[in-house]
Amino acid sequence: MTYSYDQLAQWDKQYVWHPFTQMKDWLEEEIIIVARGEGVKLYDTEGREYYDAFSSIWVNIHGHNVKELNDAIIDQLGKIAHSSYLGYGNIPATLLARELVEIAPPGLVKVFYSDNGSTAVEVAVKMAFHYWRQCPNPRPEKNKFLTLMNAYHGDTIGAVSVGGIDLYHGTYRDLLFPTIKVAAPYCYRCPFGAKAGQCEKECEQALEKAFAEHAHELAGCVIEPVIQGAAGMITQPPGYVKKVRELCDRYDVLMICDEVATGFGRTGALWAVNHDGVSPDLMAISKGLTGGYMPLAVTLATQKVYDAFYGDYAEMKTFFHGHSYTGNQLGCAVALASLELLKKHNLVTEAARKAGVVKKVLAEFNELPHVGDIRQAGLMVGIELVRDKLTKEPYDWQEKMGIKTCLAARKKGLITRPLGNNIVFMPPLVSNDEQLQEMLEIIKASIIQVTEG
Ligand code: PMP
């Protein structure tokens, strides 16, 4: 049975409530209904093609409709789609756990499955809180989290609590557990008033001060290492992640890294923490885990954390957390196939090389009168549009410059989503040099059209 665009659009608008979307706008818009994907392109019901320049909300690595990934799912479907992970193991989840521990930053040796990035962070936060109640020398007073302003860790209540973006999180403040919040680095608009390149690492000093003041009550410190994604792709100065590790060690605080967006080669290293050569105590991964094919997430933990939960049942040390779809076979099977492709095509090294290509093209964007800042970590890019380049005056959010630019790009055959006044460029890792170039040309033309048009 095939349905017309008009019919589908009508049903969408009648029945669906879309995420992160003002439905009034949605109902008034001409919507796109994606019908299929092929490589780095998406095709709508009307046969129009678009570059998937934000990797379908930052998840896609190998492109769409990839035979090896399709086959992995089909093969697994012929065996079983899902069985309970509560009380039973399964083959793909076991194999994937082994594989993940092998490639994880050193010391992360246990795999706890869940379904999405938010839950992977939620699990890490609960584990860290719980850890201090039953580690060898319990310190239950260590029950708070140090978090960064502008952080985004997902939309469940725990993940929102450790987040710091007012637009998404402010409404729920009364419902959230309080955290110790420290200003995050943002070199273009330094919250400490320092000038990029001439600072005294005030952001690190602020961190140090917060640790010194609050260590006695800190269970963990949660960060998006190297780059804060949803905040607007805000990169941290080199060494910042290492500093967090040093402070966590010095003050006996668990380091929780949210690599949901940055994992699997996205920043030009397998893990963003690799850039600073550190290992966290807990690490949340998701998005790229299945190559963008199935919902799956993992919280990786150290032996030390795991051991705190280990004991006789009567000791009541059990981590009582789990989801119906924990360890889902289809997700784990396609994740295994995705990792194989990642290795086979040397995609992490390739992503680092391609980041160089992107950087070169992006350098030309600096000439544009309304491009204020360009931030890049591998193939994770944010282009900040400003009203006034000299004063860095931002566009008023009501002007929707980010949204307008992305709509202009869509008309030119490219799909991405803005973050406020920041244009996101986060292509699938398999995009070739020519495609990267073409995508950036479309984005550049769209910026010029909207800001100078
Ligand atoms: N953490 C980070 C750093 C993210 O970027 C995201 C999603 N953009 C999440 C957590 C939440 O992941 P999910 O949307 O899968 O719940």
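For all residues, glycine too, the Cβ spot is worked out from N, Cα and C.
Just so you know, TrEMBL annotations are computer predictions that nobody has curated.
Quick look at what TrEMBL lists:
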BINDING   Gly117, Ser118, Asp258, His323, Ser324  pyridoxal 5'-phosphate binding site
BINDING   Tyr152, Lys287, Gly322, Arg417  substrate binding site
MOD_RES   Lys287  N6-(pyridoxal phosphate)lysine
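Overlay of TrEMBL feature records on the structure.
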{"residue": "Gly117", "record": "pyridoxal 5'-phosphate binding site", "contacts (Cβ under 8 Å, 6+ apart)": "His153, Gly154, Asp258, Val260, Ala261, Ala284, Ser286, Lys287, Ala297"}
{"residue": "Ser118", "record": "pyridoxal 5'-phosphate binding site", "contacts (Cβ under 8 Å, 6+ apart)": "His153, Gly154, Asp155, Thr156, Ala159"}
{"residue": "Tyr152", "record": "substrate binding site", "contacts (Cβ under 8 Å, 6+ apart)": "Gly163, Gly164, Ile165, Tyr168, Glu224, Gln228, Gly229, Ala230, Ala231"}
{"residue": "Gly322", "record": "substrate binding site", "contacts (Cβ under 8 Å, 6+ apart)": "Tyr85, Leu86"}
{"residue": "His323", "record": "pyridoxal 5'-phosphate binding site", "contacts (Cβ under 8 Å, 6+ apart)": "Ser114, Asp115, Thr119"}
{"residue": "Ser324", "record": "pyridoxal 5'-phosphate binding site", "contacts (Cβ under 8 Å, 6+ apart)": "none"}
{"residue": "Arg417", "record": "substrate binding site", "contacts (Cβ under 8 Å, 6+ apart)": "Phe54, Ile57, Cys406, Val424"}
Q: Taking a cut-off of under 6 Å between Cβ and any atom of ligand 1, tell me which of the binding-site residues Ser118, His323, Ser324 pass.
A: Ser118
Q: Just report the maximum Cα pair distance in Å for the recorded substrate binders Tyr152, Lys287, Gly322, Arg417, no decimals.
A: 32
